[in-house]
């Protein structure tokens, strides 16, 4: 039976997400030095920093920071970065960047290990540190780092305020609204990732052959990439179809009223990100996407992972009208998704060759027309979802 409405992001889930964001935050500062979440020695970190942004680096950061005789407030308004404080502390730009990296990694490590430090003030400090580095990052800090900055800002909204006051860490009604903002970021990320593949007019994406080149042409392939590259061509094309479905169609389910549909969407996103991690190295991007996807979970589901399942009411007989309607809506959604995939990607089983053929069965004009038609309704669905979360929080 469909369980009663459960908060989509209760305290248990909130702590898990904030812990993961704290772990990723170590990567925020550490990326500048080529440091992963596990961290490397300070000597290695300093060497990479000097090579990128030092006086003799590829893009010296000091060239971005030109005081021009302005006061501190005018400097911050022109370029919001804490690196302006470096000269006032007797540090040059490179040393100030290193200091921000060290402080950021220490603060994030504390948030990862200590529950009490998962506070909005600490995450605001981490966001300020990374924004300061981003301002002078130039071409080395771009798309993934913009996503990280927005996720860091949302962590400030999700995290409780406990450091400056004594308060209960209990779940607050408005937390469902802030977690909805995380879900909205995830929707924009995944939907745009799928749409841009088609709007680019790249013949490999339209011909479903992109993965036959991807594994050997990506920046840093893994051993798994070699194995994936050996897969037959029909399976490579089917994998592109699955990517389109997960990135374009499934994200609409992020705002579904049924928890089972949201859980289905969660596992689809995690499956895609895990496969990407196994076949390529994109730094923190895929791990951060998984963290964002956790906003689709609820306390009951997370409790099962941690060995603390909640008791659910039995379905009983005869089933309630709500259960019947919920089940019909869920099955209809799966059926519609399957029919949509078969129709628009020309899935056809070749019994003689024992392969599943696929092709894009729509034109660029048809896709752009659909995109213009559906954009406003999709925003409307998201708005209704947000309105529901606000009403639940208020009443």
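Heads up, the Cβ atoms here are built off N, Cα and C, so glycines get one too.
Curation plays no part in TrEMBL annotations; they are all automatic predictions.
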Per TrEMBL record, range annotated transmembrane segment [choices 121-141, 205-225, 289-309]: 121-141
Just to confirm my parser: what is the rounded mean pLDDT across the domain 'Lipase maturation factor 1/2 N-terminal' (144-302)? 89
